[in-house]
């Protein structure tokens, strides 16, 4: 029996719009690489140090651009303006356009307290971009558990453990992310931890989040538990303690257990194990505080849903893990034995979940 042809005839307008859509996604990486270049050239920092908008000529005097490529630099700036990393302003003294920072590029200032530059540099490093080229191979072969393993010959965590420089690179990226989240958490959601005496930050790295919590609320005693090589050499204080351990084996008891961007690194089987360990560690009347993506929450905010889906694909790429919808979170929470939970759309792309045993 002959296959019936499907009519996919398009009007000229539909045809050209379809081409635009394909091309837009085909070259989407150009935005990422232009962003990476802006950071490497230090453009945001140069503008910030200057203290006011700069003309192209002024920027070129501050950056060692090859003279033959000055016109190309103008095109880079045009692309970055289009991506809303810089704005153009008219220069009243002459006709040359001036460039200035946007809220997004303020997050790219290397010395800014809430900089996200280390995270951008990690995500766009070849070690972490190469695995994306193995997606179709990973889907069709059983050999590798993850795309990351297909590209690097080892798991994500093995790579960081075997190459200390990569490990430090990644830890700083996580720290910068924690600084931003901690800033919002202690500023706008301090009530979530009011009345809590003890808190354990599971997988808390070098303690960036915990430090912010004890600084904002000195009466809380925080413990950070992470792998021994992560916390090695970190000094404890009166209200901040570091423990080298394994969250799959044991978690210290506390009034509250914090999981910031932890469960999304794991599939449902491992995620359930972690949540059960956290539930067992919470004292009576306590709770588990989860800061993670809930796919679909805040979807009406510009770019949020797309970011959530990007995160989900990244978790699949690196760990064969995932970001979860609210129904998936709910199942995981109840399967772990929690009786109730509260969801707060608190952090843009991410949400705050309080789970109660």
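Placement of Cβ uses the backbone N, Cα and C atoms for every residue, glycine included.
If you look up Swiss-Prot, you'll see 264 marked as active site, proton acceptor, on the strength of sequence analysis. The S-adenosyl-L-methionine binding site annotation in Swiss-Prot covers 203, 226, 246, 247, 260, and the record cites sequence analysis as its basis.
For residue 260 (S-adenosyl-L-methionine binding site), the same-chain residues lying six or more positions away in sequence with a CB closer than 8 A to its CB are 178, 181, 201, 203, 204, 209, 290, 291, 292. Cβ neighbour count within 10 Å across all protein chains ranks 226 highest among the binding-site residues 226, 246. Separating the Cα atoms of the residue listed as 'active site, proton acceptor' and residue 247 (S-adenosyl-L-methionine binding site) is a whole-number distance of 15 Å. Around the Cβ of residue 247 (S-adenosyl-L-methionine binding site), the number of neighbouring Cβ atoms within 10 Å comes to 20.
For residue 264 (active site, proton acceptor), other Cβ atoms within 10 Å of its Cβ number 20.
Residue 246 (S-adenosyl-L-methionine binding site) carries neither a helix nor a strand DSSP state and counts as coil.
DSSP assigns residue 226 (S-adenosyl-L-methionine binding site) to a strand segment in the three-state reduction. Counted over all residue pairs in 203, 226, 246, 247, 260, the record's binders of S-adenosyl-L-methionine, the longest Cα to Cα distance measures 16 angstrom.
Annotation note: residue 203 (S-adenosyl-L-methionine binding site) sits in a coil segment as assigned by DSSP.
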